[in-house]
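Asks: Take a look at the following structure, please.
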Amino acid sequence: MALPRCTWPNYVWRAVMACLVHRGLGAPLTLCMLGCLLQAGHVLSQKLDDVDPLVATNFGKIRGIKKELNNEILGPVIQFLGVPYAAPPTGERRFQPPEPPSPWSDIRNATQFAPVCPQNIIDGRLPEVMLPVWFTNNLDVVSSYVQDQSEDCLYLNIYVPTEDVKRISKECARKPGKKICRKGGPLTKKQTDDLGDNDGAEDEDIRDSGGPKPVMVYIHGGSYMEGTGNLYDGSVLASYGNVIVITVNYRLGVLGFLSTGDQAAKGNYGLLDLIQALRWTSENIGFFGGDPLRITVFGSGAGGSCVNLLTLSHYSEGNRWSNSTKGLFQRAIAQSGTALSSWAVSFQPAKYARMLATKVGCNVSDTVELVECLQKKPYKELVDQDIQPARYHIAFGPVIDGDVIPDDPQILMEQGEFLNYDIMLGVNQGEGLKFVENIVDSDDGISASDFDFAVSNFVDNLYGYPEGKDVLRETIKFMYTDWADRHNPETRRKTLLALFTDHQWVAPAVATADLHSNFGSPTYFYAFYHHCQTDQVPAWADAAHGDEVPYVLGIPMIGPTELFPCNFSKNDVMLSAVVMTYWTNFAKTGDPNQPVPQDTKFIHTKPNRFEEVAWTRYSQKDQLYLHIGLKPRVKEHYRANKVNLWLELVPHLHNLNDISQYTSTTTKVPSTDITFRPTRKNSVPVTSAFPTAKQDDPKQQPSPFSVDQRDYSTELSVTIAVGASLLFLNILAFAALYYKKDKRRHDVHRRCSPQRTTTNDLTHAQEEEIMSLQMKHTDLDHECESIHPHEVVLRTACPPDYTLAMRRSPDDVPLMTPNTITMIPNTIPGIQPLHTFNTFTGGQNNTLPHPHPHPHSHSTTRV
């Protein structure tokens, strides 16, 4: 018997069919259908009451609060704050996946924020280095949001718009006297005429007129260590974009990501919290007027990397309202963070778990007993411990557990695990501001010695290896030296900022976009070039890490707030409206250009430049991206030279180092107990000309480009590698020809053919080793395998997976038990192939200590 088709959304009919299947057809069909239709139709029957907003969810009724916004163009928003999406992860539930919340019978007031998840607070204030730039001079206000801490913290906040701003604006432009138009109205007479003349349907948001609204779930950043969704008010974005916005609290730090590397504590509880929040959203958002088939996750910094990781997890599949091709969400926006950065994944979880256990008196060999001991400790004792990770890495964060994250993120991306999601991602122009601020003592720029030290320390921590480190160090210095203005301290500061930005953010984002677009999946890339003018950040700073967040949330449209104390201009308001339109369009259709066009006539009488720009999809070939700033334009190949330095050249230099070990003088590795930093103010800068002092003058520091150091130059290494390879190929060819000729005359005259090698022929063995590093198997998967002479082609090096080396922790082999389930990359033993952004195999070989250590105890990267 076919069911009559009504005009209800598809997901309601899916709910009806699912109910029929679940209950079976044994009961009278009429009663079964009636019960199912009533259950599914209840989703549509609930219209929010502005006076008493009450919603009945699957777990009980909740009451929200209506909030007016400080802008005439923005309609009121109904807020539901502190809504539980999981049971409290306390007691035995600590270090366990979340469970659904218990239902409640009374009406629950959702008018106040719930407690935030436990996090480390130093003297009542969050560590400055971990926060976005606009928070650094307002820490007292920020810290007030995280004072109320509890392990019972798994709550979310829902912001529901009450009016369609775009529809109201057009209606008021046509008929200003209508009751729906508030006194004074948002539009001038000229603007009214402009909008009245444009009567086309292209300005109408057809898909959202009266139907379920798209949903945007925001994941906050904070290096997986601090922060809360309570900090981010989604009201303006919800009202202006006509979408439902949700912010989430999830477990952080030790409580959210501790892993013993086995079944005792698998880790990734914070990610599982986010998955549970998405599951709750998928099953309940219909009661708030939301569309469970149009859920977009977005986040900045570590929140962006969480977004990326969620697209790679099979736990994100299984939306009850959809078919098998739809998951808990359908689209993703990763702002200034992907799963390929050095700080995105912890590859040493068991080591840090042991360190924590030792500090709190739980240092037992059995991991089950260790976890039981940690479960009995007060949470404050755990989160306050000083666990120092390697620089540019994290101690407690997502791990490759073979389950939530089944493999290295780059491998999962190559396998197309995220191809079913539409993805938008991007970076800010000057993400690495905080790293540079820790080096700069004044506004005068960076001295040559500080520049040399910063680069050396960077290489030591991320690419340190015993031999040939100088090659990589000097190459990076060379590439990030502005040779037209190399003596200018301000120029050095600018290039150093670019170095940190390119390595930690830009190159991982481009690599992620390349991998996603390779499958033909919709990919959009942006570069954010604007920040508000304020005295709280240096005048020389570009758009820093997190500077896009207030524009995404629409803060400029309501003026300065205590969290965003900036004097926003009309340009800021216009740009925020543009960004919100792009973001919400993407949430609605997967295309940031549709369905709502760029129109900010309520701010400026003249059209903005974004009206003439079409944001083109990204592809690996063209690498088109949108320059978001006051002068927008679509450009191609963002920072291509520097990106390919990290993705292509650096891995080759790492492999060439293995070759140079056979051909250059071996330098003894400095003792791990000896660390130093150059202290002389008049040391010769790396960009200066050749020194005129005698080389035997101990007071004169030789230039890194001196003749006696040319053994370490890239050119010489390449020359030696290619020359040795060609020589050996010639030897092989000559030997094969001679052997063939000799074999013909074998019956007549036996002659001894030259031997390829002997057991004690060290020189020739070295040549064979060199050759093995220069040949490439002609297989499509580009992996270094066994090489046969008839299958080889000459090349400079065998490039490893360029992202696998990017995140490798610089410490020694992780502490893993025999029943380990955490999947450490299989290239750790022996010579490690280079991950583009992190390959150091021995963290204790750092030759230079950082002069400005980070104050936070768990993470050294502000994301």
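Even glycines carry a Cβ here, placed using N, Cα and C.
Found this in Swiss-Prot, in case it helps:
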- Cys117-Cys153: disulfide bond (DISULFID)
- Cys362-Cys373: disulfide bond (DISULFID)
- Cys532-Cys566: disulfide bond (DISULFID)
- Asn109: N-linked glycosylation site (CARBOHYD)
- Asn323: N-linked glycosylation site (CARBOHYD)
- Asn363: N-linked glycosylation site (CARBOHYD)
- Asn567: N-linked glycosylation site (CARBOHYD)
- 183-212: region 'Disordered' (REGION)
- 670-708: region 'Disordered' (REGION)
- 842-863: region 'Disordered' (REGION)
- 1-45: signal peptide (SIGNAL)
- 46-717: topological domain 'Extracellular' (TOPO_DOM)
- 739-863: topological domain 'Cytoplasmic' (TOPO_DOM)
Asks: Looking at the recorded positions Cys362, Cys373, Asn567, whose Cα is closest in space to that of Cys153 (disulfide bond)?
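Replies: Result for Cys153 (disulfide bond): the nearest of the recorded positions is Cys373.
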Asks: Measure from the CA atom of Cys117 (disulfide bond) to the CA atom of Cys566 (disulfide bond) and give the result in Å, rounded to a whole number.
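Replies: Cα-Cα distance, Cys566 (disulfide bond) to Cys117 (disulfide bond): 28 Å.
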Asks: On a count of neighbouring CB atoms within 10 A, which of the disulfide-bonded residues Cys117, Cys153 is highest?
Replies: Cys117
Asks: Nearest by CA distance to Cys362 (disulfide bond): which of the recorded positions is it, out of Asn109, Cys117, Cys532, Asn567?
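Replies: That would be Cys117, nearest by Cα distance.
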Asks: In Å, rounded, how far does the Cα of Cys373 (disulfide bond) sit from the Cα of Asn567 (N-linked glycosylation site)?
Replies: 51
Asks: Can you tell me the CA-to-CA distance separating Cys532 (disulfide bond) and Asn109 (N-linked glycosylation site), as a whole number of Å?
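Replies: A Cα-Cα distance of 37 Å.
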Asks: Tell me the Cα distance separating Asn109 (N-linked glycosylation site) from Asn567 (N-linked glycosylation site), rounded to the nearest angstrom.
Replies: 35
Asks: When DSSP states are folded down to helix, strand and coil, where does Cys362 (disulfide bond) land?
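Replies: Note: Cys362 (disulfide bond) is coil by DSSP, not helix or strand.
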Asks: Whole-number answer please: how many Å between the C-alpha atoms of Cys117 (disulfide bond) and Asn363 (N-linked glycosylation site)?
Replies: 25
Asks: Sort out for me which one of Cys362, Cys373, Cys532, Cys566 has the most neighbouring CB atoms within 10 A, since those are the disulfide-bonded residues we care about.
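Replies: Most Cβ neighbours within 10 Å: Cys532.
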Asks: Going by DSSP, is Cys566 (disulfide bond) part of a helix, a strand, or coil?
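Replies: The three-state answer is coil.
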Asks: I want to check the contact list for Asn363 (N-linked glycosylation site): same chain, sequence separation of six or more, C-beta distance under 8 angstroms. What comes out?
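Replies: Same-chain residues close to Asn363 (N-linked glycosylation site) (Cβ under 8 Å, separated by 6 or more) are Arg354, Ala357, Leu370.
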Asks: Run through the Cβ atoms and count how many others sit within 10 Å of the one on Asn109 (N-linked glycosylation site).
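Replies: Taking all protein chains shown, Asn109 (N-linked glycosylation site) has 13 Cβ neighbours within 10 Å.
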Asks: Which value does the mean pLDDT take for the topological domain 'Cytoplasmic' (739-863) in this predicted structure?
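Replies: A mean pLDDT of 42 is what the predicted model shows over the topological domain 'Cytoplasmic' (739-863).
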Asks: So, in DSSP terms, is Cys532 (disulfide bond) helix, strand, or coil?
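Replies: Looking at the DSSP assignment, Cys532 (disulfide bond) belongs to neither helix nor strand, so coil.
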Asks: Validating a neighbour-count step here. Other CB atoms within 10 A of the CB of Asn567 (N-linked glycosylation site): how many?
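Replies: There are 12 such Cβ atoms around Asn567 (N-linked glycosylation site).
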